[in-house]
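Here the structure is laid out as structure tokens; the discussion comes afterwards.
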Amino acid sequence: MDYKHFKGKHANIVIEIISLLEKGVKKAQEILEKPDAGSYTKLENSSGDTPIKADLALDKFLEENFLSLENVKSVFSEEKETPVTKENGSYLIAYDPLDGSSVMEANFLVGTIIGVYEKDYKAQNLAASLYVVFGHKIELVVALEEVYRYGFYQNKFHFIETIVLENKGKIIASGGNQKDFSSGLKKALEGFFAENYRLRYSGSMVADVHHVLIKKGGMFSYPQKKLRKLFEVFPLALMVEKAKGEAFYFDKGVKKRLLEQSVESYHEKSECYLASQHEAHILEKYLKGE
């Protein structure tokens, strides 16, 4: 893989992680392709969810690989109660080994989300983020100074494009229970559909955000506090912001950046809006003051 796009203070750790992913992606694909990969275990993770077999197998594989990196001090999986910590290193990795696992049996797109933090697990310390999506093809997206998209072919990641969101998109991925949506959100969604937006929600956050990014605009929303800050929300918020979009939530009717949120507990959850500029403006218009 050509690493010419990666520059600055955190470039080396990102390159090391990508190198691990490039070497391990075939193994990860093998785990996902096993006939019983989507079968539920009898366990319960720290978030109260029941993981599938592929969740646990990928988690073990990724943890071992991330801990092998010399400059990584701590590794923290969504499946675990607390991080695994080493004596040395500067970086902390928080990851969701298999986002979208609940729809994997339907053969929908799933992926691994990775947040690279410096010194502490805080949004303000997020140095970079990455995700790999597994479908009929495998792709890697990296957020550092900008957002870079790669396709996996002949055992290597090949550069496809630098992703920059346009001002206005054409798709929306609106998750959650609609009966619980606020009146403002319902009006905003009605307005989007009146403008001929297309609904593209799959139940896999990484897949839906990937769709918004590669289509160069749109909106992903999950108004209920269900998504985990460290493992899903912050890494994908950074991805959207670096692509010139907005990542936000509403606090008593006031729009605020997701990446300025505090973290009171490791598995704390948040509402989440990820959008290009036009959609962000519309959402603020209707949800402001609610």
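Cβ from N, Cα, C; glycine included.
Features reported for this protein in Swiss-Prot:
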type: BINDING; residues: GLU78, ASP96, LEU98; note: Mg(2+) 1 binding site
type: BINDING; residues: ASP96, ASP99, GLU232; note: Mg(2+) 2 binding site
type: BINDING; residues: ASP99, GLY100, SER101, SER102, TYR201, LYS226; note: substrate binding site
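Annotated features taken from Swiss-Prot, shown on the structure.
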| residue | record | Cβ within 10 Å |
| --- | --- | --- |
| GLU78 | Mg(2+) 1 binding site | 24 |
| ASP96 | Mg(2+) 1 binding site | 29 |
| LEU98 | Mg(2+) 1 binding site | 31 |
| ASP99 | Mg(2+) 2 binding site | 26 |
| GLY100 | substrate binding site | 23 |
| SER101 | substrate binding site | 23 |
| SER102 | substrate binding site | 17 |
| TYR201 | substrate binding site | 18 |
| LYS226 | substrate binding site | 17 |
| GLU232 | Mg(2+) 2 binding site | 26 |
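DSSP gives GLY100 (substrate binding site) a coil state; it is part of no helix or strand.
In this structure, the CA atom of TYR201 (substrate binding site) is 17 Å away from the CA atom of LEU98 (Mg(2+) 1 binding site).
Within 8 A of the CB centroid of the Mg(2+) 2 site residues ASP96, ASP99, GLU232, the other residues of that chain are GLU78, TYR95, LEU98, GLY100, GLY111, THR112, ILE113, MET205, VAL206, LEU227, ARG228, PHE231, PRO235, LEU236.
The Mg(2+) 1 site, placed at the center of the C-beta atoms of GLU78, ASP96, LEU98, has further neighbours from the same chain whose C-beta lies within 8 angstroms: ASP55, ASP59, SER77, GLU79, TYR95, PRO97, ASP99, SER101, THR112, ILE113, PHE231, GLU232.
Of all residue pairs in ASP99, GLY100, SER101, SER102, TYR201, LYS226, the annotated binders of substrate, the farthest apart have Cα atoms separated by 16 Å. Checking each of the binding-site residues ASP99, GLY100, SER101, LYS226 against GLU78 (Mg(2+) 1 binding site) by C-alpha distance, the shortest gap belongs to ASP99. Of all the binding-site residues given, namely SER102, LYS226, GLU232, those whose Cα is no farther than the 10 Å limit from the Cα of ASP96 (Mg(2+) 1 binding site) are GLU232.
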